[in-house]
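Enquirer: Provided herewith is a single structure, encoded as structure tokens, for subsequent inquiry.
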Amino acid sequence: MSESCIDFRKAKFLISAPDIAHLNEHLPGDAGVEIAFAGRSNAGKSSALNLLTDQKSLARTSRTPGRTQLINIFELDENRRLVDLPGYGFAQVPLALKKKWQESLGEYLQERQCLGGMVVLMDIRHPLKDLDMQMIAWALESEIPVLALLTKADKLKQSERMKMVNEVRKHLGDFDDRVKVEPFSSLKGIGKAKVLGILNEWCHPQWLTDAIADAETEEE
């Protein structure tokens, strides 16, 4: 059975939650597939989500990095969701608040069984900071595939861009195919089609495809 293409333009806001406990209170259960977006507070997560869904304000962007403190959930369909995790690592955020965010991120990655993939966004000019590597390690420990998305790729010339992409791929080479690395620009649309292809693949794990097919058979 060939997998259908998810229409990411249909994404709609579902809920916000300050931590995993509140998330579990609002969701119908740890079911379906969630794809999480994580990154430093100035990595461009909100802009990336808006571009990928063709919606100008699905995820709120802020000129003040660190403003987004909640876990925000967007529904694609009854079985699939996108998750905008709190930005991490911004220097001007109070230490206590920064610690709380990191605890929420850790809890989410360790406890959500439906997490089917994680996009770690990094400024292509400053990739692989300590917290970026920690997020990647957390995901891989939970056997979650990772897309390292090098944002703001339009800031570099083509040759410089590919040089940085190759350097990051080499650095993450020990993880084999569990980590994909792609350049991306919300401003110029660089990498959009490639990213949507990866997300679509993550949205179709075999167990979910089989479950949907079984449900359709029972309804006939």
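Start at 1 and count along the chain as shown; that gives each residue its number.
Positions of Cβ are set from backbone N, Cα and C atoms, glycine also.
Got these off Swiss-Prot a minute ago, pasting:
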- 39-46, 66-70, 84-87, 151-154, 184-186: GTP binding site (BINDING)
- Ser46, Thr68: Mg(2+) binding site (BINDING)
- 31-205: domain 'EngB-type G' (DOMAIN)
Enquirer: Would you pick out, from the binding-site residues Asn42, Ser46, the residue whose Cβ has the largest number of other Cβ atoms within 10 Å?
Expert: Ser46
Enquirer: When the Cα-Cα distance from Ser46 (Mg(2+) binding site) is computed for each of the binding-site residues Leu70, Pro86, Lys152, Phe184, which gives the smallest value?
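Expert: When the Cα distances are compared, Pro86 comes out closest.
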Enquirer: I'd like the number of other C-beta atoms within 10 A of the C-beta of Pro86 (GTP binding site), please.
Expert: 26
Enquirer: Fewest neighbouring Cβ atoms within 10 Å: which of the binding-site residues Lys45, Lys152?
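Expert: Lys152, out of the binding-site residues Lys45, Lys152, has the fewest neighbouring Cβ atoms within 10 Å.
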Enquirer: Measure from the Cβ of Gly39 (GTP binding site) and count the other Cβ atoms within 10 Å, all protein chains considered.
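Expert: Taking all protein chains shown, Gly39 (GTP binding site) has 27 Cβ neighbours within 10 Å.
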Enquirer: Using a Cβ cut-off under 8 Å and a sequence separation of 6 or more, which residues in the same chain sit near Phe184 (GTP binding site)?
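Expert: Counting only residues 6 or more apart in sequence, the Cβ neighbours of Phe184 (GTP binding site) under 8 Å are Ala48, Leu121, Leu149, Leu150, Thr151, Ala153, Ile190, Gly191, Lys192, Val195.
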Enquirer: Do any residues at least six apart in sequence from Leu70 (GTP binding site), in the same chain, have a Cβ closer than 8 Å to its Cβ, and if so which, in order?
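Expert: Sequence-distant Cβ neighbours: Ser16, Ala17, Pro18, Pro86.
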